[in-house]
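**Q** This is the structure I have questions about; it appears just below.
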Amino acid sequence: MTDNANSQLVVRAKFNFQQTNEDELSFSKGDVIHVTRVEEGGWWEGTHNGRTGWFPSNYVREIKPSEKPVSPKSGTLKSPPKGFDTTAINKSYYNVVLQNILETEHEYSKELQSVLSTYLWPLQTSEKLSSANTSYLMGNLEEISSFQQVLVQSLEECTKSPEAQQRVGGCFLSLMPQMRTLYLAYCANHPSAVSVLTEHSEDLGEFMETKGASSPGILVLTTGLSKPFMRLDKYPTLLKELERHMEDYHPDRQDIQKSMTAFKNLSAQCQEVRKRKELELQILTEPIRSWEGDDIKTLGSVTYMSQVTIQCAGSEEKNERYLLLFPNLLLMLSASPRMSGFIYQGKLPTTGMTITKLEDSENHRNAFEISGSMIERILVSCNNQQDLHEWVEHLQRQTKVTSVSNPTIKPHSVPSHTLPSHPLTPSSKHADSKPVALTPAYHTLPHPSHHGTPHTTISWGPLEPPKTPKPWSLSCLRPAPPLRPSAALCYKEDLSRSPKTMKKLLPKRKPERKPSDEEFAVRKSTAALEEDAQILKVIEAYCTSAKTRQTLNSSSRKESAPQVLLPEEEKIIVEETKSNGQTVIEEKSLVDTVYALKDEVQELRQDNKKMKKSLEEEQRARKDLEKLVRKVLKNMNDPAWDETNL
């Protein structure tokens, strides 16, 4: 190829080329380049889109002068002879690209309809899969197919208008909200469809082949279900090509650019949703290490989930966590060191939870704060602004729904260890009547752990409000009524106790009541009497401490105020065995006892791990010793060994 004085050398790119130096020229496959300088060594200089630079000559081919422009219906457009109008070239290219968009939309719509009518609808009427699995496979593909038919009709209407009045970009923008909703929903369902394909691959493959699909049939179905993603990725490229050959003053140019940006964002969102749903499906189906409580499937459906970075109050350490929002709680998980599974870190009830969106600073970006009367303050940093918006919106909506279903009286200032009030019971003047059954809300009592997350959950029964209505009262901290067998013992206590309290412990009774013969027969055995005596000691200790607190605090409250339960002050009798073998009976608070028991459990777990490790090492050593002994015995019995050692 040589350049002559009569005509300039024009070439077409055979491959994409991306510049690595400032003096090089970038181009895409099919671009037309005007060569300005030909040098030996494989690098030429040329001009493309107003830029001049060097490019490899083996990436292009020469456009011969005999090649002429073709009609818009052809797939390629040849370089015109010298002197041909450039505007006509752009118009011809524009028509070619527009026709290509319309034809591929027709083809895509027919492919979706074919997958539905040939395979999925017959599969729905057959008994190969359950109705749930079939619905996972179909997803909302029917809605997408109907939408694509509407899109094709809209594009056809655009092409009927004169070129200067065609609004292809405006057509895409007007349908973008509906398209976004449909494709995001399809992406969210696709991981479940893939799971069904994997689990029932053999049955589905046989069914597809009976319907005329080529072998392997499962591959045909997998490809058909992936077509929406493949088509979505092509829109930005097609619109970019249309914009390149559009006149600068075309009224649709700005809408085309907006459509390109919208499709790029939609494609990125779809990929993110698919990854998030795949991770969510993995968490829900695989076992979680150190899991506590009921099975994760009993928590309901996942409202939202993502990977975040958390930082607990008073700590500088930041940890990566996976947060999953369920209807009534927020689940926190961490990934195992080798990313082979997930580890349970804790649950946070949405009841009483407060969400505060934070401004960006040097220490955190895209962050919000979780706080509450029963929740240790947690700083959550999201990966991007969209993730932050989703979390704040879902959590605020969830906490509002929870607060409506479980109405509570919010205190003005409450320490983190206290419990919020519970739903109001009927007025105290109806205390003699049968109490109304209410479902108490559960709360989490925070205590120190390796991850700083609350674990212990305590349920409290419905309580009566004080006579004087207040926004917050210590009477809301009283415990649930004792069980009826224990309540019978309370009846034998000092009758000087408040009659109002006794009415809560026992149903309305006659002034003088004697134990029946049946009750006397039940308590006749020695074992029953010993058990009752032990229970009575616990109740006596409780009543003694309660009376003492009531006497000390009588100056700060009315005498008619009911007794309260403060977890940090409530005492119980604990029997401990010291290291020297001496048994000591001590009085400890409930909180201290819970923490002490937790520490003991952790020590037992560590001891168990050490014993298990020692046992494994001993077993390995015994196996090695056994192998060595067998080898020695074999050598001793080997005749060849005897000859060599004579």
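Including glycine, each Cβ sits where the backbone N, Cα and C put it.
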**Q** Write down the residue from SER174, SER301, SER340 that Swiss-Prot flags as phosphoserine.
**A** SER340
**Q** If Swiss-Prot marks one of SER109, SER421, SER496, SER516 as phosphoserine, which residue does it mark?
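**A** The residue tagged phosphoserine by Swiss-Prot is SER516.
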**Q** Which residue does Swiss-Prot record as phosphoserine, given the choices SER126, SER315, SER560?
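**A** So the answer, going by Swiss-Prot, is SER560.
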**Q** Going by Swiss-Prot alone, which of SER7, SER57, SER135 is annotated as phosphoserine?
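**A** Among SER7, SER57, SER135, the one Swiss-Prot marks as phosphoserine is SER7.
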**Q** Give the number of CB atoms, excluding that of SER340 (phosphoserine) itself, located within 10 Å of its CB.
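**A** I count 9 other Cβ atoms within 10 Å of it.
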**Q** What is the three-state DSSP composition of the domain 'PH' (295-400), stated as helix, strand and coil residue counts?
**A** 20 helix, 48 strand, 38 coil
**Q** Give me the DSSP three-state residue breakdown of the domain 'SH3' (6-65), ordered helix, strand, coil.
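**A** Split by secondary structure, the domain 'SH3' (6-65) comes out as 3 helix, 29 strand, 28 coil.
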